[in-house]
Structure formats: C-alpha cells, structure tokens
Amino acid sequence: MTDNNNNGAANASSGDVQIQIPAAPKAEGAATQDAESGSSEAKNWRRWFIVAVDILFLIVGQTSASLLGRYYYSQGGNSKWMSTFMQTAGFPILFFGLFFFPSKSSSGQSDESPIAKTALVYIVLGLIIAADDMMYNSGLHYLPVSTYSLICASQLAFSVVFSYVLNSQKLSGLIFNSVILLTLSDLLVGVSEEPYDESAGVSRGKYLLGVVLTLGASCTYSLILSLMQLAFENVIKERTYSAVLNMQIYTSLVATFVSIIGLFASGEWKSLKHEMDMFKSGQFSYLMTLVWSSVSWQMASLGMVGLIFEVSSLFSNVIGTSAIPIIPFFGVMIFHDKMNNGVKIIAMLVSVWGFVSYVYHHYLEDRKARKASS
C-alpha cells in the first residue's frame, strides 16, 4: 500500500501536476486574448462603419447643398441672409437622433463637462458659423459654382495650419505637397482668363469680392473645425454620439438666431414675398429649394462634426475637399458653367492631385500603425 501510494504520488507530481495545472491558465489566457481581440476588432469595424456613414453624409450633403444654393440664385433668389438662415435652420430634425443616441450620464460628467463652459463653446462657435455662412453665401452669389468650389479647396491648406497650431497635428512631406498644390489651384482660378460670368450680370469687381469672401470663408471654416476638435478634447470630453448631435444642434441654434437678426436688421425680410412670387420656377419650387437646402446642409454638417469626433478636423476637411471634383461636374450639367477654359480645367486637376496626395499620406500612416500594433 505504501509503495503504491508513493508511486501514485510520484506519478501525480511528475505527470498530472506538471502538465495539467500549467495548461489550464494557458488555455484560459488564450481564450481571454481571443475574446479581447474579437471585441477590439468588432469595435474597430463599428467605428469605421460610423466613419463611412459620416463621409457619405458630408459628401452628399455638401454637393447637394452647394448646387441648391446656386439654383436659388440662378432662379431669382437674392437674399443672402435667407441663404445663411437656411444653412442652419434645419437643426430641429436632429432632435430625433437624440432618441437613438441618448446621453449617458455619469457621476463625474458634471466635473468633466461644465455646463457654463459647454454653453460658451456653443455660443462662440455658433457666432463664428453664422459669419462663415454669410461669407460663403456672398461668394456663391458672385461666382459660378465651378469657380466657387475650386476656391473652397483652400480650406484644406488653412486646415493644415490650424490643425498643427491648435490640435498638434503631425505634418509630413505629402501634406505639404497637398497644401502647395491646392494653393496653386486657387491661384490659377484667380488669374483665369474668364474672371466673371457675364451672362449672370456679375461685374469684375463683384467677382473679385466673391473670391476674397470665399477665401475668407474657407479660412474661417478650417478654424471652426479645429476649434470643434479642441472643444471635444478639452471641454466636452463625452465619448458618445449624442455629443456630436448636441454640438451640431446648439451651434446651429445660435447661428440661426444670428441669421434671423441679420434678416430683419438688413430689411431683406420685406422682399421675401416678392422674391418668392418672382422665382422663375414657381413658389412651390422656391419653398422646396429652401427646405431641401436646409436638410442638405444639416446632413453635411452632421457628417463633418462626426468625422471630427471620430478622427480629426484635418481628416474631416480632406473628405469635404473630395467633393470638389464632383460639384463642378454637376455645375456644367445643370447650370451650364463654362469649363472650356484651360486654366480652370488645370486648376481642377491640380486640386484633385492635392487631395490624392493627402489620401496617400493617410494610407501610409494607417499602414505604419498596423505594422506597429502587430
């Protein structure tokens, strides 16, 4: 019995204990690692699905809004404050989104996101957005949609500067190449042999004013993107999509209020009834143009803020720039904008080249990050 017990103990110590006990935590660790890897991969796919939806919103919304804005002016619309108002007035439709993405309150959230600071952020950004919309609409009023969209490419160059200064964005040779190309594109448009659209009754002076206002609006737009990213990182600090909706809703509320004040202070509200009656395609078309323009701008703005939240302000601006080759194409088809000017065509190609340069930079950075993580 003693020998058998000793033999059994020896077998247990040499076999069962040494083999089975280490194997259990190893299997458990592997299962845990696989579960964490699967969960991380699922979160990554879910995040990039949201990014893809935001990209779609931004491109479709920006393209349709720009075309509808040009249609408004081409059919007899003349109120710049009304156009500014419609760029933010559609924000009430975003309240429905809060039912699907409610805010998740936590015990420390009041310390992380003070109401006073958050409200101040919304007010300041709303005021800047109202001024930016006014400049954009004035530029679109004096420029063909093709020229307007090409000049808007400069917003990427401004965004690089603001992202570097305010958001500590890392720069590379490809980004600088993109900036130079897009700046060159704007200069080519500025010295074009076709400086203004004579058929629209726009003088050379108004054309130059439109160029200056659009450049100023592009600079301001880039500043807004960087300030929003700064606000998400340092003031709001809430990692939920409801934070994106709240940013868009309350900044639009402030901008809409400013637009209403401007509409009445300028006296343009008195001519709105006459403007609707004289709209070339009819009163119903006038109302639908304003309504769908408002919806399109909200779609674009929601996609823009979503990309800032998920990725960065520079990435959001680059995606917005990708609509630049699309807008002139529809401008030629719908409004018969002239694209036979060789300088303008070259400017469009240079603009596309600048965009592709940044996309390639992003591809290399993502590839490097994947290699480092593996």
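One is the number of the first residue shown, and numbering goes on along the chain from there.
Here the Cβ of each residue, glycine as well, is placed from N, Cα and C on the backbone.
TrEMBL lists 48-73 (among others) with the feature transmembrane segment.
If you look up TrEMBL, you'll see 85-103 (among others) marked as transmembrane segment. Taking Cβ pairs closer than 8 Å, the transmembrane segment (85-103) reaches residues 65, 129-130, 133, 136-137, 238, 240-243, 245-246, 248-249, 251-253, 255-256, 259-260, 263, 290, 293-295, 297-298, 301-302 in its own chain, all 6 or more past its ends.
The transmembrane segment feature in TrEMBL is assigned to 115-136 (among others). Listed by sequence, the residues of this chain that lie at least six past the ends of the transmembrane segment (115-136) yet keep a Cβ under 8 A from its Cβ atoms are 80-81, 83-84, 87-88, 213-214, 216-217, 220-221, 223-224, 227-228, 231, 235-236, 247, 250-255, 257-259, 262.
Marked as transmembrane segment by TrEMBL: 148-167 (among others).
Residues or ranges marked as transmembrane segment by TrEMBL: 174-192 (among others).
Per TrEMBL, the feature transmembrane segment maps to 207-232 (among others).
Residues annotated as transmembrane segment in TrEMBL: 244-264 (among others).
The transmembrane segment feature in TrEMBL is assigned to 284-307 (among others).
The annotation transmembrane segment is assigned in TrEMBL to 314-336 (among others).
TrEMBL lists 342-361 (among others) with the feature transmembrane segment.
The stretch from 207-232, 244-264, 284-307 that makes the most Cβ contacts under 8 Å with the transmembrane segment (48-73) is 284-307.
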